[in-house]
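Below is one structure, written out as structure tokens; the observations come after it.
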Amino acid sequence: MNDANRYMKPDALRYKYGVVYYDLGREYSLSDNGRHFSHENYHCINRCCKDNPCLQGGTCQEICNPTTVRYNCTCPANYTGQRCEKIKYPRECMEVAKNGNNVSGMFDVYDSQKNIFKVFCDFESEPGYVWTLIQSFSLGNNNQFKSNGFSVDHPVNEEGNTINWNAYRLSLAHMKSVADASTHLRVTCNFPADGLVYTDYARAKLKEHDLFGVWRAKCRTYELINIRNIVCQECTAGTWQVQNEMWHINSALSAQLAGCQFNGVAGASPHEQNFGLYNYVNPNFRCTSSQSSTTQHWIRN
């Protein structure tokens with residue numbers, strides 16, 4: 001049967017020879033100790049609320065006006081939509097995806113005070129995972145980023161409806177807002193040009209990292225780390241985020257200086273830095289292969 005009528009969707013009604021359109025009428029009655037009530041003098045009953053189509057504990061109210069939907073859901077404060085199926089104030093990209101979005105791009109999210117800001121959501125590169133971009137920059141723009149760890153409020157090109165992959169970073173407040181609703185960290189190289197490539201890639205649980213702290217030569221745990229095709233899973237790697245320096249891994253010193261499990265000495269440049277800072281670079285590392293190479297930092301729930 002139709003889920004609408006000529007009042008609700010007039011543009012959908014088209015004349016066709018030999019076809020007749022009928023408006024359906026409804027009659028219903030209630031019995032109460034022999035007394036009968038018709039729809040003309042009693043409240044609406046259409047049984048649309050019998051099995052409560054409202055989600056998230058919403059309250060259903062039947063509507064018998066033929067020009068509208070046949071029920072209304074009164075939703076809890078954090079939900080909206082005809083059936084309370086949408087999150088009213090999504091905090092990060094996974095919640096944006098739950099609202100029915102599946103094409104990567106810029107979307108509105110909200111902080112804990114319900115202030116709106118825009119983020120780039122990656123729905124597509126890793127099936128089952130949804131990532132929120134917090135920073136992206138080219139090697140050519142490294143000086144604009146290298147002195148600012150994630151504990152520093154340093155927004156770059158945050159406003160706008162498009163992403164500048166060569167110079168972009170969320171404010172500290174917005175990064176923390178997304179991180180509060182997230183569980184994982186990811187770093188990629190040349191994502192806008194190459195898409196997701198697992199050569200020169202890192203992924204870790206946020207709880208294993210003090211992302212907004214300041215620390216030196218810590219053996220942080222990674223679910224997966226790949227630097228120049230040296231691969232380690234569920235292992236530690238030497239990670240730095242000291243004052244006035246961006247978060248980074250030092251593949252050349254990870255095992256030797258920090259005493260961590262990942263050893264990237266083979267093929268390394270002296271003091272080579274990966275995924276950030278870049279005072280010392282290796283052209284064989286994809287994030288630093290040229291001045292136009294880019295580095296991305298992401299977090300997800």
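Cβ from N, Cα, C; glycine included.
If you take every residue in the domain 'EGF-like' (50-85) and average the pLDDT, you get 89. The domain 'EGF-like' annotation in TrEMBL covers 50-85.
If you look up TrEMBL, you'll see Cys54-Cys64 (among others) marked as disulfide bond. Within its own chain, Cys54 (disulfide bond) has Cys60, Cys73, Thr74, Cys75, Arg83, Cys84 as residues 6 or more apart in sequence whose C-beta sits under 8 angstroms from its own. According to DSSP, Cys54 (disulfide bond) is assigned to coil rather than to any helix or strand.
The disulfide bond annotation in TrEMBL covers Cys75-Cys84 (among others). Around the Cβ of Cys84 (disulfide bond), 22 further Cβ atoms fall within 10 Å across all displayed protein chains.
If you draw a 10 Å sphere around the CB of Cys75 (disulfide bond), it holds 21 other CB atoms from the protein chains shown.
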